[in-house]
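These features come from TrEMBL:
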type     : residues        : note
ACT_SITE : 189             : active site, proton donor
BINDING  : 8, 10, 186, 267 : Zn(2+) binding site
BINDING  : 268             : substrate binding site
DOMAIN   : 3-320           : domain 'Adenosine deaminase'
SITE     : 210             : site 'Important for catalytic activity'
Ligand SMILES: Nc1ncnc2[nH]cnc12
Ligand SMILES: [Zn+2]
């Protein structure tokens, strides 16, 4: 089994329909408007974000969040993941009355449990939600910068990238950068190349969430390649959300061919009927990647991970051993 790593998964988006239904039963909430036949139901990006929020509202206590995190990490570890970074959203926690501190500590408890059971290493990337507005994103950045939690190593922004100008969010990224956090931002998913370019110019991130629509601009592709920006590509998310009509038309192979550093991730796996291991399978079956190229995806993820250098070296050594085996 090729060792895997994930850089782009939203923890609230990783909740399986079965777990959400169990939570719904616990809290006496009807979820039939967005979960039926053990599957999420929504029909476009806006209704997806709504279903995502409704599911998130059913995680209300530290133990709810610890269980969600433990389940997600155990599952990907079983499929060969040695490292995972996931997005957290203090905004979502505050909506159910959990402080950012207890939310983060609950997630960390799930991470510790999963690590002791499987050995999987993981870190948290605190995100602000773009369509909630700049003030909330600054609040998330301030939390990330000041929480002092050793497992919080990055800051990012998710949500609808078509909302607001990049400059509206510059201060949030300045706060996170000054605190020494790794930076990533969703761009080039529903926005075109100009959205990726302004994200690079304004935030100076080392990674872009998605970034795939950069392919529409040759000069931008060249810049991404030259600057070594790592793309957190989520192929099945892009198909299910309609960014591309068929996997044969997905630009990951072309981006790789042009010299961009690409990785694969699952984004919100049960919403998109995918998993980290399915994304690797798609790379193999639809993009024609051999085992060496699959391992290179993992290596790029580890190289771009928001971890201390001792942890990175240890993870890279595991990959070296796997490539010699
Ligand atoms: N695919 C996605 N794009 C933007 N924001 C998100 N939040 C959760 N999933 C997302
Ligand atoms: Zn995402």
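The backbone N, Cα and C atoms fix where each Cβ goes, glycine too.
In the three-state DSSP scheme, the residue listed as 'active site, proton donor' falls into the coil class. Taking the Cβ of residue 186 (Zn(2+) binding site) as reference, residues of its chain lying under 8 Å away and at least six apart in sequence are, in sequence order, 130, 156, 157, 158, 159, 161, 208, 209, 210. Within 8 Å of the Cβ centroid of the Zn(2+) site, not counting the listed residues 8, 10, 186, 267, the chain contributes 9, 13, 87, 158, 209, 210, 232, 234, 237, 265, 268. Residue 267 (Zn(2+) binding site) and residue 189 (active site, proton donor) have their C-alpha atoms 12 Å apart, to the nearest angstrom. The two recorded residues residue 268 (substrate binding site) and residue 8 (Zn(2+) binding site) have their Cα atoms spaced 9 Å from each other. Annotation: 8 carries the greatest number of neighbouring Cβ atoms among the recorded positions 8, 10, 210 [cut-off 10 Å, Cβ to Cβ].
If you draw a 10 Å sphere around the CB of residue 189 (active site, proton donor), it holds 24 other CB atoms from the protein chains shown.
A distance of 13 Å separates the Cα atom of the residue listed as 'active site, proton donor' from that of residue 8 (Zn(2+) binding site). Among the recorded positions 189, 210, 267, 268, the residues whose Cβ sits under 6 Å from any atom of ligand 2 are 267. A count of other CB atoms within 10 A of each Cβ picks out 267 as the most crowded of the binding-site residues 267, 268.
DSSP classifies residue 8 (Zn(2+) binding site) as coil under the three-state reduction.
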